[in-house]
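What follows is a single structure, written as structure tokens, with notes after it.
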């Protein structure tokens, strides 16, 4: 036993997305672009909800929480992944367990928030007269608190089980962050019981949240089909289809990753799925949930005009809301990014600049 303990590892090596040098620079630029877009879009939503009283309603309160979780969720894995494009990406065992804990906690919190937001839309569409009483401020706070409690508690199971495993010789994690399945593969003892536990717990959490979310939209669609106004029903269908796109993308990748078989081939596929729900989905959330919303566009217009000195009557007539709303989404991002987020991103951009120097010496 003494000799066995002496061989226990103290750090791992994250293998990253690919080992092909020809793809390193392209993937780094791709991930950097979407990561900054993710931070920009979600920080914009949080700032708008905090600053604009017209957006301080239950729906936007939940959206702001989702945006906040999305920023944290991406930041747990993506910066460390970008470092690994150019240098050997080592991480201590304790750091690995910590990253795993927060990644699964924030992922679970996002899943619960998506279910809560589906319920919020169900109440708003199917019971509009009771919406204020049902989705009161105290109820929203309790639901958000419950999502954090569930996520932080659920993630403890994976973290505690993994921390009790012995890691001896192989220290190369075939992933770009510390996920539970590839880390368990490195243990120097049988992990069948651990894998079954992860499958059962993750499966229960995913299926319950996904079922509750879909149930809300089933009731919404059933209610819309009974409506006589074609204009109102088409608008609701358009909104619900956009929301369902995010839900299916998020849960589809999560279910395939954590409920699928564990093998060398599946671990390679898990990398692709992980890129979707750590890089792509958090970037799409602010676009689909809020930036298509007229109230959000109006809030962005007011904030931009106030910050850039467009308060005079003549300038207000020159740039109308309808004209501003027709600006490309990416241009909209850049304007809000320059106005509200420059100081917040200063340190992040310095780090990214140093990484770019490594990528393009």
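Each residue's number is its place along the chain shown, starting with 1.
Even glycines carry a Cβ here, placed using N, Cα and C.
Checked against TrEMBL, the range among 1-22, 177-198, 199-220 recorded as transmembrane segment is 199-220.
When TrEMBL is compared with the stretches 241-260, 301-320, the one noted as transmembrane segment is 241-260. Only pairs six or more apart in sequence are counted, and the transmembrane segment (241-260) with the transmembrane segment (62-87) gives fewer than three Cβ pairs under 8 Å, not enough to call it a contact. Most Cβ pairs under 8 Å with the transmembrane segment (99-119) belong to 62-87, among the candidate stretches 26-50, 62-87, 199-220, 272-291.
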